[in-house]
Each structure stands twice: as structure tokens, then as C-alpha cells.
């Protein structure tokens, strides 16, 4: 038995290690997604019997103006959230310097990472308060009146994304700090011998070694943008008049408040397809990059 284990352990060990994760994925994620798609073909209030309506929920979704508002807001989240990885990298490079007092500065940057999203939302709700918030104090110092950004349908989504960027940038910073602490000293030393300094060192020596970290940072950032929910729930509840809603919040609103679980499941299915397509494309891109690198 021990001889058989020694012979097969090269492939059996990793299989046993990832088996719980695979089982969890299929039982929780995949089956839930399939169940959600099935519900989306029905009219259901969550209590009575489900009534089959085929593609009725998807037809209604296609003709629903709020769906396109939510989709547009998700796109705004996605575009603005892509600032998190480069800003996180810049901060990581800054706090990774061996300068007096930098450890204290680094600890300050960790604050948003340990705060719950609800807490961040409450803090920024105060910041944006036009009467006595931080934004009001800044405008008052210049003799101006602060706009009520959370009540303006043209600015509310941008204001929420800026609030959500704070912890997301910190998360990317932590990823890059871990990557910077695992750089090859041999490559850095060889670069210095060849005269690489500053931007050349960063571009040709440091960044290529952070490729995997960048892949993870971008993937997590994109998924976070598509799944945005908690900050919207705390700061505006989708208002004013649904102008700050995203697909995840619209799904929640339709299912929980309107008792339209079939329609909410249709929104969830669309969001799932968007995320699945991105993940499939991104993993393919990573694999091809690895093959080219190899």
C-alpha cells in the first residue's frame, strides 16, 4: 500500500488537496447558478408555486430601462475600478522604500482593508454630506457651496465608486507588496550592474516579475466591480430614482422588495454570464501568456 502511495502521490496529493474546493464549487456555486437559471424561467414570489413563463422575464428585462441604467453603472464601476491596480502598485512602491517613518505610513494605508464595506460607506456618506461633511468643509474654505453628490443622478455613481476605490486600492497595494517582497535579488543585482536605474529598473526588471500579481489584481478588481452591492445599499439604496443602481442591487431589489424572484433570477443569470465570459477569457489570456513566456 505504501509503495502504491509513493508511486501515485505525484498526482494523488494535489487531487486530494483541491478536491474539497472542487466539491464546494460544484455544490454551492454551479448548482446555485443552475437553480437560478431555472427560476428565471418562472414567475415566482418566493412562497407559492412557480409558474412557467419561458423567456418572459428576459423579454421584460430587455425592455426595462432600469436594466440599461444598471448596466451602464456597472460599466462605470468597471472603468473607474481599473485605476485600483496601478495606484495600488504606486503606493506599494512608495511604502516599500526603506525610509524612516515608512512603517508607520504603511500601517495607515492598511486601515481601509480592515474596515467593513458598510463602515466605509457610512464614512463616505458623512464625507459627502453637503451641510457638514469633509467635502463641504473643503468647498467652504474656497468660498463655495458643496454639491449634494449623493442626491444628484449625474454624480452619484462616480461618488460611490470613489468611496469603493479606497479599500480596493489598499487590497491591490497588499498584493503588490507581497510581490515586491519576493523579487529575485539576483535579477535586481544584475540590472544594477548593467546600469538599470529608476524607470528602466521598474519596467524591465521589477514589473515582469509582478506579472502574476497583476493578473490577480486585475481579476479581483473586475469581479469586485461587477459584484458591487454593499456600498450602494449603504450610501444610496440605488437612488436617487434608481440612478445609482447596478445589476447586483437591481437583482436584490426585485427579489427581496418586490417579491419577483423569477425576474431577479433573470438579472442574476445575465450577471453570471458576464462574469463567466470574463473569467473564461481572462484565464485563456493567462494560459497563453504563460505558454509564450515559457
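A Cβ is built for glycine as well, from the same backbone N, Cα and C atoms used for every other residue.
What TrEMBL says about a protein is an automatic prediction, not a curated fact.
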TrEMBL lists transmembrane segment for one of the ranges 132-150, 227-245; which is that range? 132-150
Would you confirm whether the transmembrane segment (155-178) and the transmembrane segment (75-95) meet the contact rule of 3 or more C-beta pairs below 8 angstroms, pairs 6 or more apart in sequence? yes
